[in-house]
């Protein structure tokens, strides 16, 4: 795994997107002397490719400016969260090549958040409301109609404080009361119409157990967690732009830098205390065609067994992309290539695939394999003919060294490399025609062997002994070159040919009454059984190769071993997707 360090990041060409420009200005004007960002996922599912953009931005910005990035689990909704998700998130961030300066949980700050809520109550800025969720929606109003104040909006601070403490004591059932901010029920921004700060949920928490029957709402917890951790720039996607006034309201009215007594619970835990006045900045989220990235829809794909789990190589989770053979370097290159802006757009899936091709072309050793094998017998060689040929591991990188490749009288070739009735421009095998066998010489087809049904089952041919590389006959011109695998030495392998999960660019488009389920690509996974050269089998899981003329493949993360090789196709050699 490649690791991104501050030195590495600072050595890269200067990036000039609007977020980095803001940070440069803040540093130049003395607004901040150091940069501190955070990546705050909720541990209620697996990270997907959209999160990769946020991870690269949050950690990348911190590294570029010599700062820090905190990984924070936003664990305020315990009924949907799981320690397994939290562990997977840490694994994914590390896999991408990033390291956090501290691992935190919003639950680490529950005592501080509670004290902050009591401060707002005492200041007359928050009240306990008895409206249920349906009534709250009715009172909130619409985009064109002002909301109505709750009947309990004018409770006294003393009464509110007593009720809030009873909420914490577990006196009331779920959903019967909330703590709400007292802001403006006529605001044009619905997020400011007395939003909830706390709700009652008698649910056991993965970190705090049954200590808390109340939990803070996202906007309140997120803003104050940023301030508690000393975050300088809170980077969010555009859907949080309308939440920014509430973010600022929470930070300004709690005012942690001037109310240090609220941080005492952190002192008792030994946590650092350097509260800040963070600035929220929004950027466009990542949208890619041929995908869905809604957590609800991804969960449905798994629960309905439309895919084979969260790490199915067709999924757009980081776990799935990793198993497919995507590399951290390719993911980071993709994020760099699409850039950072405030304009929502849809990125073509081919951009992601091309980033992987570009990376693997540089690093992946070459091997030979056949995925639709057919026998070629070179009849002018002895039946026991066997030799070892020397092949480079990479044609453009001598540092990757060489390997020995066995060669014999009987070879496996690709069935698609032979045609009895070739189309115009055909450059491969035909009856009586010649082709160059990669690294072994020129072969001529003398006989086509068929079964009783008339299907071709084997070819018999002749190898020109003067056409080996380095011999005079090697310069004789033939139209095509094909790959092969020595049949006696070949290792049988399971090869999984993956393609796009959806068959149309916008699987989320429900205008004709269909859903994304109706657009699943029936050819997104095909399993074939082929043959590979021995050097491809003797390798660990998650090792990438270019199978010459076939594409880039990776040994499966879970199912591969030397006795049962399993390869996943990561990407074809070129974009062959047929668009409508």
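From the backbone N, Cα and C atoms, a Cβ is placed for every residue, glycine too.
These come from Swiss-Prot:
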- 42-44, 48-54, 237, 285-286, 293-295: ATP binding site (BINDING)
- 74, 218: L-glutamine binding site (BINDING)
- 41-51: motif ''HIGH' region' (MOTIF)
- 292-296: motif ''KMSKS' region' (MOTIF)
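Each residue contributes its Cα atom, and for residue 294 (ATP binding site) and residue 74 (L-glutamine binding site) these two points are 18 Å apart.
Spacing of residue 51 (ATP binding site) relative to residue 218 (L-glutamine binding site) is 18 Å (Cα to Cα, whole number).
In the predicted model, residues of the motif ''HIGH' region' (41-51) average a pLDDT of 96. Long-range Cβ proximity for residue 286 (ATP binding site), meaning a same-chain Cβ under 8 A and a gap of 6 or more residues, is found for 49, 50, 52, 53, 293, 338, 347. All protein chains considered, the CB of residue 74 (L-glutamine binding site) has 20 other CB atoms within 10 Å. Just so you know, the Cβ of residue 294 (ATP binding site) picks up 12 other Cβ atoms within 10 Å once every protein chain is counted. Annotation note: residue 237 (ATP binding site) sits in a strand segment as assigned by DSSP.
Ranked by Cα separation from residue 74 (L-glutamine binding site), the binding-site residues 42, 44, 237 are led by 42. Of all the Cβ atoms in the protein chains shown, 22 others lie within 10 Å of the Cβ of residue 49 (ATP binding site).
Applying DSSP to the motif ''HIGH' region' (41-51) sorts its residues as follows: 3 helix, 1 strand, 7 coil. Residue 42 (ATP binding site) sits 10 Å from residue 218 (L-glutamine binding site), taking the CA atoms of both as reference points. If you draw a 10 Å sphere around the CB of residue 237 (ATP binding site), it holds 15 other CB atoms from the protein chains shown.
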